[in-house]
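Undergrad: What Swiss-Prot shows for this protein is this:
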type	residues	note
COMPBIAS	672-693	compositional bias 'Low complexity'
DOMAIN	16-95	domain 'GIY-YIG'
DOMAIN	208-243	domain 'UVR'
REGION	656-693	region 'Disordered'
Amino acid sequence: MADPTTYRPRPGEIPDAPGVYRFRDPHGRVVYVGKAKSLRSRLSSYFQDLSALHPRTQQMVTTASSVEWTVVGTEVEALQLEYSWIKEFDPRFNVKYRDDKSYPYLAVTMGEEVPRVQVMRGAKRKGTRYFGPYGHAWAIRETVDLLLRVFPVRTCSSGVYKRAAASGRPCLLGYIDKCSAPCVGRISVEDHRDLAEDFCSFMAGESGVFLRRLESEMAAASAELDFERAARVRDDINALRRVVEKNAVVLADGTDADVFALAADELEVSVQVFHVRGGRVRGQRGWVTERVEDLDDGALVERLLQQVYGPYATEKGPDGGATGVPREVLVPALPDDAVELAEWLSTLRGSRVSLRIPQRGEKRALAETVRTNAQQALALHKTRRAGDLTSRSRALSELQEELGLAESPLRIECYDISTLQGTHQVGSMVVFEDGLARKSEYRQFVVRGADGQGARDDTEAMHEVITRRFRRYLAQRDVGVAGGGSGEVPAEDDDGVAIAGPVDPETGRPARFAYPPNLVVVDGGPPQVAAAQRALDELGVSDVALVGLAKRLEEVWLPGEEYPLVLPRASEGLYLLQRVRDEAHRFAITHHRKRRGKSMTRSTLDDVPGLGPSRQAALLQAFGSVRRIRAATPEEIAAVPGFGRRTAEQVLAALAPSPDDATTEPGAVGEPGTADGAAADPDGRDAVVVPEG
């Protein structure tokens, strides 16, 4: 690991000008490429105190052993050079948007003497027009089959074409009029090229021109009483309309745009793009890539556009512009140098390109659709990855190795605290066994605090939750000692709950908190880890590993360590920790919202013994408000259906003002330690089982 100070340039050596820079490792390989409006300002930021840098940046500057730069004239030139270097050197610390599969395109080989329509994948070839990409090859074949009625362009391979030309007989498509058969001279090479140009124009979105022309031909044939020809043209029109219908009309005719969307977490980014040509979605593609750089959405968009449109720099259409660059590029966020990026795209296209965020109307609605697709793709990717047995096994092995554990963490417990300005504090405990969520083992805690009014902060709350969980585990483990050594008298924990041992004697199932975890994960950094470790130390628990995950998941904190442990971005172990932390956060938030919502809908009538929801509703319907109920006489309340004299007196007694009202916690719900949705436990147990799924 290199020391950045050993290769730090002197401030006076770095020019205060736009440019592109490269970090190299000791072997001379480029590990990172970046651009800057001011090289001096940007490069100086890499050589500040290591602890102030993002962990991923820390890893990059300590991997590198030298830095070099190139000054350019404008920021647009910097953008172009940065893309070229990323493509050339493939640096490991740069975000790379790579398709997870090769998407098929509808291709027309206009570079050949006799153009051919076909399905193509992989690298694009010079002189070939591409339309798409499509999600499936069969979708292209269906489209081509419909279009060949109107544009009977050659679709055969070179070998088939040459054999047909040598024999003087066309292939089957030539006999059924789905090929104009230039191989046997039915149509000249020039006329066939015009046919291929019309095919490309239709696919590029100029469908209205051809539909109007065919409608005129059909009307003319009908006027001449040539009904057979009119019927053929009618069928051609229907075929073209079916092709148009396959591409839903989403925007105004003539709209030429690519619509991008991102869905990201701390480790991965899901990208989706819809290609709109002539107001219709002509193609769609998406992929999920690793988030190897600490970039915001704007910077991610910049990297994305560079890699999507960069290859078009060497592909020029007949007018000198890149045919794959649309007039509009709609993105979810604008990068800092959006003006320069739009200028670069305009240079590629050969005409002005608009780069913007859609704000309203149909384009905004389409952008939301693309974003939904990106979110679903990311969720599907995570689900498939989580369900893979090999990946789970690798994750557990990596955690064992990286954390220095004696054995694989087959049981992982993660704890999170949720609160709103110090109120309704709740803690959650989620359990993963063998890399999978064990929802029947989840637990919820209502944080009490030393005075019963809640903890002062989340570190105190974390200490309380960890203490309560492991105190119960120790009590169950040592039930014989806790019961006086004889085992005949059941032990009780500090809440007065009977402890019968690790196995429930009535059901034969494992008791709550019966199993200790191999690894405890807390949501937070050093303060939360220290609080949890203090709780374990106070209880004498020394055989349970502990780590903390800060909000940025690559920061894995160990007790007593000054710096976090940085796991590789592609690590299955890090991915498992992310899932565990996210699940604990979701579970805590859900419990917190329920508890807060319940307190907001609480009625004074809830305190009346034996008064359920239906009888409360009957009272409120009869009197209109609690104030009027309090002012009523026992006889008036007893007159309400379902009430008697005794119940009426209980209602009035419960509603009578009490000196203790002023000290009652506003909105308090249930007994301490009782989770939402459950009646107050008469045993006062400190957590409740909330099975899910």
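Glycine is no exception: its Cβ is also placed from the backbone N, Cα and C atoms.
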Undergrad: Work out, from DSSP, the number of helix, strand and coil residues along the domain 'GIY-YIG' (16-95).
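TA: Counting residues per DSSP class in the domain 'GIY-YIG' (16-95), I get 35 helix, 19 strand, 26 coil.
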Undergrad: Grab the pLDDT values for the domain 'GIY-YIG' (16-95) and give me their mean, rounded.
TA: 83
Undergrad: What does the DSSP secondary structure composition of the domain 'UVR' (208-243) look like, as residue counts for helix, strand and coil?
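TA: Going by DSSP assignments, the domain 'UVR' (208-243) contains 33 helix, 0 strand, 3 coil.
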